[in-house]
Amino acid sequence: MEQLKVEVDPKQGGDLPSIYTLQFEELEMWLKEQGEPKFRATQIFEWLYEKRVKQFQEMTNLSKDLRAKLEKHFNLTTLKTVTKQQSSDGTIKFLFELHDGYSIETVVMRHNYGNSVCVTTQVGCRLGCTFCASTLGGLKRNLEAGEIVAQVVEAQRAMDEQGERVGSIVVMGIGEPFDNYQALMPFLKTVNHDKGLNIGARHITVSTSGVVPKIYQFADEGLQINFAISLHAPNTELRSKLMPVNRAWPLPKLMDAIRYYIDKTGRRVTFEYGLFGGENDQVEHAEELADLIKDIKCHVNLIPVNYVPERDYVRTPRDQIFAFERTLKERGVNVTIRREQGHDIDAACGQLRAKERKEETR
């Protein structure tokens, strides 16, 4: 095993690092440095991820001395809930405040097969997708791994109140996950760890807008995690208009990276395709999309987009959505239409955060 060096700066207050940032092996090493036995790591992880305590003093099978050390070195209240909204369909949306005053969003979605949580990886986003509220205001900073993990913990606490559990995770919230790769990978390892949140790899999905170098790196990780690509256009010209990231890594380079991922992992990918009225939702676009992906092991997820007041795009009519789906199916494409959720609580990425920011500046 690669040796881990744990460097923890014992500051006070909000500057303390989140305990959720530590992977299991890192916690074991920190405990060793403190003169504590390694088995304490299992006990601490149980308190964090099974019992989901909010204070170190609740970890009653630890010595008072160890609890004091934990309080001195780590922060356990990583997120502060600003608002919690529940949609008529059961979707729950959180607006969390971070220690430095920035805010992020997390969404819990109810499905027939269980509950999933959509987590955020950045405060804002630099990629500037023209249809997305997440990019309003640009990128402020990356989240730490612990700030991403804490979103899942808070979501599970909300489910605890209703006697339910979070069964899957989608990394599709605010930000580009591959722009925060250094926090993404520790997050994935902790939520998948059998002593952590213990969510199976095939119940975790990571989505990217198309940061091509990181797709190759992610493929080489050898994970069994689900992989999705925000595609949204069937040709490079239209994609560059909708998604400026395509100017850095044009569609042909993206498709090459996706083929590498499939060859390396043996897993299929999901293409997320948002339908924007009059932009990318015509039958000819569906035909072009079918040609683009005809040799790729994939699934297409059509997304009737939520209206974003700050953007100009309009919703595609229902009959046009079904025509698009039918065209793909006729050409042998595995396709579904995503069920709308949270439409009445601003559940599109970044909308709640944007609304909060707007109210603060009035």
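Note that Cβ sites are derived from N, Cα and C of the backbone, with glycine treated the same way.
As recorded in Swiss-Prot:
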ACT_SITE  Glu105  active site, proton acceptor
DOMAIN    111-344  domain 'Radical SAM core'
DISULFID  Cys118-Cys349  disulfide bond
BINDING   Cys125, Cys129, Cys132  [4Fe-4S] cluster binding site
BINDING   Gly175, Glu176, Ser207, Ser230, Leu231, His232, Asn306  S-adenosyl-L-methionine binding site
ACT_SITE  Cys349  active site, S-methylcysteine intermediate
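Structural mapping of features recorded in Swiss-Prot.
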{"residue": "Glu105", "record": "active site, proton acceptor", "CB count, 10 Å": "28"}
{"residue": "Cys129", "record": "[4Fe-4S] cluster binding site", "CB count, 10 Å": "21"}
{"residue": "Cys132", "record": "[4Fe-4S] cluster binding site", "CB count, 10 Å": "25"}
{"residue": "Gly175", "record": "S-adenosyl-L-methionine binding site", "CB count, 10 Å": "31"}
{"residue": "Glu176", "record": "S-adenosyl-L-methionine binding site", "CB count, 10 Å": "26"}
{"residue": "Ser207", "record": "S-adenosyl-L-methionine binding site", "CB count, 10 Å": "19"}
{"residue": "Ser230", "record": "S-adenosyl-L-methionine binding site", "CB count, 10 Å": "23"}
{"residue": "Leu231", "record": "S-adenosyl-L-methionine binding site", "CB count, 10 Å": "29"}
{"residue": "His232", "record": "S-adenosyl-L-methionine binding site", "CB count, 10 Å": "26"}
{"residue": "Asn306", "record": "S-adenosyl-L-methionine binding site", "CB count, 10 Å": "19"}
Q. Around Cys118 (disulfide bond), which residues of its chain at least 6 apart sit with Cβ under 8 Å of its Cβ?
A. Thr106, Val107, Val108, Met109, Ile169, Val170, Val171, Met172, Gly173
Q) Using Cα coordinates, what distance in whole Å links Cys125 ([4Fe-4S] cluster binding site) and Gly175 (S-adenosyl-L-methionine binding site)? A) 5
(Q) Mean pLDDT for the domain 'Radical SAM core' (111-344), rounded to an integer? (A) 94
**Q.** Candidate recorded positions Glu105, Cys129, Cys132, pick with smallest Cα gap to Leu231 (S-adenosyl-L-methionine binding site)
**A.** Cys129
Q.
What whole-number Å value do you get for the CA-CA distance of Ser230 (S-adenosyl-L-methionine binding site) and Cys132 ([4Fe-4S] cluster binding site)?
A. 12
Q: Sort Gly175 (S-adenosyl-L-methionine binding site) into helix, strand or coil using the DSSP assignment.
A: coil
Q: Across all the protein chains here, work out how many other Cβ atoms are within 10 Å of the Cβ of Cys125 ([4Fe-4S] cluster binding site).
A: 25
Q. Measuring Cα to Cα, how many angstrom lie between Ser207 (S-adenosyl-L-methionine binding site) and Cys129 ([4Fe-4S] cluster binding site)?
A. 14
